[in-house]
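Peer 1: Below are the features listed in TrEMBL for this protein:
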type     : residues : note
TRANSMEM : 42-60    : transmembrane segment
TRANSMEM : 66-83    : transmembrane segment
TRANSMEM : 90-110   : transmembrane segment
TRANSMEM : 116-134  : transmembrane segment
TRANSMEM : 141-157  : transmembrane segment
TRANSMEM : 177-196  : transmembrane segment
Amino acid sequence: MPNLIFSYISHLRKRRAPQKDLARTTHHTTTIATMARLGDKILTATATIITAGYLFFATQTPSAHNTAHAAISILFLPFIWHWRSRPKLSSAGFVTLLGAWAAVWCHALPENMGITPWAVLAPMAVYAPARYLPQRNWGRIILLLTLAGSFVSPAMWRLDSHLLLHYREGMELVLAIGFHWALLGCVYAVGARYFLADQARETAYQSAREEEKLLIARELHDVLAHSLTLIKVQAQAGLYGGDQREALEEILNAAATSLEEVRGIVQALRDPTQSGAMQPLCQLADLAEIIASFERAGLNISAHLPQHCPPVPTLVQLAGVRIVSEALTNVVKHQGVGSTVQLSVQVDEQLQITVDSQATAPTGASTSPGSGLLGLNERATALGGRFSAQGTASDFHVCATIPMHQEDH
């Protein structure tokens, strides 16, 4: 059985390849965040050079407007430094300072102070919150502010033949505003798309982690519930006057098997490179020994097993073994020793398992579906099959059908 566990975990890891990709994506996202901070530093260095140019111009051509623009240029620098690391702060700073820049520019009219390279900060202000902020309304507010600010953008003025500035009119104004809005809208859409893609990856990653936890929990439950139930039954038999030596041997065998399987699961999880090298034999043939262990525990089992077992996919084999083990374990737990079981296993185009049990003296334990039966249903469903379990404390019926072809599941 441990070989089967190794192969099962190996197969799971292949099926969980998207999860590995997600893990790599998460690491890649962290790297991008680090590079983003580096990129902001590079942008700040470039902005410092531009600021130096405005300071030089303000000293060479002193005026209130030039001094104001030089001061605003200095104020831009800390917000550029934190452009993507603190998008809410940087976007608010960009919009505020761009508004101040436009106010100074308009106040200087009809003097032409030129088109500033700081105009690129408007799409930067839109992009950062759309790309990085979970508070989506903030990005929309920044977008609306920049759209409104387009009307006072220095680009809305044009020079006439006498080099005088005039505000654009008519279709020329519509085209200029349309260009600004289209640019800002595209920048926002790109940022929002990247944000949603990151959210989808994170959601898928968390879902994959939860599913992985469920897979491990289900496997451990199926391994331990079977062995511990047999140990309990054999301990009770030895305690109340049975063959104590035989009971202890059964307990020893059950405990050893359980420990071996748990070690197999842990080793496969720790070192996936080894798990792929071990392939199971026809593990449905092990059902005879599993059934015999329950018969020694006190069940009366009439089993119809395939005489010759054809090649069966790894996960189908494990599902078949687990379904039979869990069904018989529940008979012992809920219907008691001495219960009669009719078990049938058929292998053709699909694996079909039926377990009908009748109790001679029900234990009174609840017959509602526990984690074991829920786990079997999840296992069968994940392989494209069907599982049902229903009945009373006296009569219970379990049926499972799993297709043999697993490529699409």
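The backbone N, Cα and C atoms fix where each Cβ goes, and this holds for glycine too.
TrEMBL annotations: computationally assigned, not manually curated.
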Peer 1: Sort out the residues at least 6 away from either end of the transmembrane segment (90-110), same chain, that have Cβ-Cβ distances under 8 Å to it, and list them.
Peer 2: 65, 68-69, 72, 75-76, 78-80, 82-84, 116, 118-119, 121-122, 124-126, 128-129, 138-139, 142, 145-146, 149, 152-154, 157, 164-165
Peer 1: May I ask which of the stretches 42-60, 66-83, 141-157 has the most CB pairs under 8 A with the transmembrane segment (177-196)?
Peer 2: 141-157
Peer 1: Are there residues at least 6 beyond the ends of the transmembrane segment (141-157) whose Cβ is under 8 Å from a Cβ of it, and what are they?
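Peer 2: Distant contacts of the transmembrane segment (141-157): 91-92, 95, 98-99, 102, 105-106, 109, 113-116, 119, 122-123, 125-126, 129-130, 165-168, 173, 176-177, 180-181, 184-185, 188.
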